[in-house]
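Working notes, structure below.
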Amino acid sequence: MQSIPIKNVGESRLVDPFQRQYYYLRLSITDQCNFRCTYCLPDGYQPEANKPSFLTLKEITHLAQAFAEMGTEKIRLTGGEPTLRKDFISIAESITNIDGIRQLAVTTNGYRMAKDVADWKQAGITSINVSVDSLDPKMFHQITGINKFDDVMRGIDRAFEVGYNKVKVNSVLMKNLNDKEFEQFLAWVKDRPIQMRFIELMQTGEMDSFFDKFHLSGQVLADKLLKNGWTLQHKSHTDGPAKVFTHSDYTGEIGLIMPYEKNFCASCNRLRVSAKGKLHLCLFGEEGIELRDLLQSHEQQGILQARIFAALQGKREHHYLHIGDTGVRNHLASIGG
């Protein structure tokens, strides 16, 4: 475990040595997932024996309060599949009630969405990202290992019914698997308020051969969009890494997440905390800085904030994916991708 010196940061905001400000926390609340996606957990979730349990509701609340006081405005609940937690609604309600948190998002596989999305809305979830890697039910099954395409589609429709104005849909771009569906995805968002986001396949320790076989640059899609009249939009300070394109003939939008692009890290605005309480400065970075020992009481909050601030001063200017350095992560489910 990396040790971090303690000092009093007072009212310091989350700013790194490169003057990037961090308004956005991606908080994993479980490693567990009920899908077996080929690019993430192809063998399914494998619980680790004798490992610490996931953060409790109380610990999550202390953590979110500390980040909010340091300037965090947006928290995204991730996993694993975050909605598998029995106290998911309680977690959402607790974070919603914290001063300074303006947006509470969730990334989900959509498995429980049709049944539960009204409760998510009531609990304060302001935006939803759903994973849909194919619009072909057979290909969806092949990629996810689960035959639940129709359920996920019903969940997206239900989200609009209960009052969400937009749903973001994530698709991991894979050569010769779903890249041929680009036109189909465009047609799908033509009259729907969906931001369809294509995420470049990312290399991790366990997936080198899979990456070599299926990686496709998102620039291929960017070139198609620009050629066909789509316009790149400006980001707000709490937006994620996607480049978002709009077109006057389309209700929906297209987002591209291209981590291998030059200067991808220049606009980084997010930090990550794992389901077991480690702070990660980068998706492709270090083993993590322990925070859980300082999540046991409100009286520890000043020391907790000092540790977070000190850790941030060691954040690198950029990742090293371009030279094959994927960090220590075997797969991305462990810190919420």
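One-based numbering along the chain as shown.
Glycine is treated like the rest: Cβ placed from N, Cα and C.
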Check Swiss-Prot: it lists Cys265, Cys268 as binding [4Fe-4S] cluster 2. Then name which of Cys40, Cys282 it lists for that same site. Cys282
Determine which of Thr56, Thr107, Thr144, Thr246 appears in Swiss-Prot for the same GTP site as Arg26, Arg76, Lys168, Arg270, Leu271, Arg272. Thr107
Can you match one of Tyr39, Tyr250 to the S-adenosyl-L-methionine site that Swiss-Prot gives for Gly80, Ser131, Met202? Tyr39
Sequence-ordered, the binding-site residues among Cys33, Cys37, Cys40, Ser131, Met202 whose CA is within 10 A of the CA of Lys168 (GTP binding site) come to Ser131
DSSP output for Tyr39 (S-adenosyl-L-methionine binding site) maps to coil
Listed binding-site residues Gly80, Met202, Cys282, filtered to Cα within 10 Å of Arg270 (GTP binding site): Cys282
From the Cα of Thr107 (GTP binding site) across to the Cα of Tyr39 (S-adenosyl-L-methionine binding site), what is the distance in angstrom? 16
Rounded inter-Cα distance in Å - Cys33 ([4Fe-4S] cluster 1 binding site), Leu271 (GTP binding site): 22
Given Thr107 (GTP binding site) and Cys282 ([4Fe-4S] cluster 2 binding site), what distance in Å do their CA atoms have, once rounded to a whole number? 18
